[in-house]
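J.: Input: one structure, supplied below.
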Amino acid sequence: VSLPDVLEIHRRVLGYVDPVEGGRFRTTQVFVGHHIPPHPRDVEKQMLEFVQWINSEDAMGLHPVEFAALAHYKLVYIHPFVDGNGRTSRLLMNLILMQAGYPPITIRKEQRAEYYHALEVANEGDVRPFIRLIAKCTETTLDML
């Protein structure tokens, strides 16, 4: 996965809704609940580090579900776009899962509160509940096949 790949996913996520911002990093500071993402001037550097991590032996050595969950979390933590960060992160997560032979997963509406809570806990330093949630969603999807 390359930086242009992530930007293209985002461009397609925003599509006709916001063709100007689609595939472009944010240029303003944003606030997401209690989380303050990196300053806009640091976004590109953090995204380059993120893509470097995605392609690292360390990341590739993880279980695919853990790898996909961490990629999702890391991207949403950086929050590189004005809009569409969650959708882009979930699509990237599903790309990683599918490349490993897993089906794409969905985070159901009734899991939304748990999803946001797990992201908050991850922002405080414990990513395990988020990984467990993604694993549970993966298991649910596999059970339906």
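Glycine residues also receive a Cβ, built from the backbone N, Cα and C atoms like all the rest.
According to TrEMBL:
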type	residues	note
DOMAIN	1-136	domain 'Fido'
BINDING	32-35, 83-90, 115-116, Asn123	ATP binding site
ACT_SITE	His79	active site
J.: In Å, rounded, how far does the Cα of Asn85 (ATP binding site) sit from the Cα of His79 (active site)?
T.: 6
J.: C-alpha of Asn123 (ATP binding site) to C-alpha of the residue listed as 'active site': distance in Å?
T.: 12
J.: What average pLDDT does the predicted model assign to the domain 'Fido' (1-136)?
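T.: Here the predicted model's pLDDT, averaged over the domain 'Fido' (1-136), is 95.
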J.: I want to check the contact list for Val32 (ATP binding site): same chain, sequence separation of six or more, C-beta distance under 8 angstroms. What comes out?
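T.: His79 - these are the non-local Cβ neighbours of Val32 (ATP binding site), listed in sequence order.
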J.: Out of these recorded positions, His34, His79, Arg87, which one has the fewest other C-beta atoms within 10 Å of its own C-beta?
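T.: Taking His34, His79, Arg87 as the recorded positions, the minimal 10 Å Cβ count falls on His34.
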J.: Helix, strand or coil: which one is Tyr115 (ATP binding site) in, per DSSP?
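T.: In three-state terms, Tyr115 (ATP binding site) counts as helix.
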J.: What counts of helix, strand and coil residues does DSSP assign across the domain 'Fido' (1-136)?
T.: 85 helix, 2 strand, 49 coil
J.: Considering the binding-site residues Asn85, Ser89, Asn123, which residue's Cβ sits among the greatest number of other Cβ atoms within 10 Å?
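T.: Compared across Asn85, Ser89, Asn123, the most Cβ atoms within 10 Å surround Ser89.
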J.: Tell me which residues of the chain lie with their Cβ under 8 angstroms from that of Tyr115 (ATP binding site), as long as they are six or more apart in sequence?
T.: Ile107, Leu133
J.: Compile a sequence-ordered list of residues in the same chain as Asp83 (ATP binding site), six or more apart from it, whose Cβ lies below 8 A from its Cβ; state 'none' when nothing qualifies.
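T.: Long-range Cβ contacts: Leu14, Asp18, Glu21.
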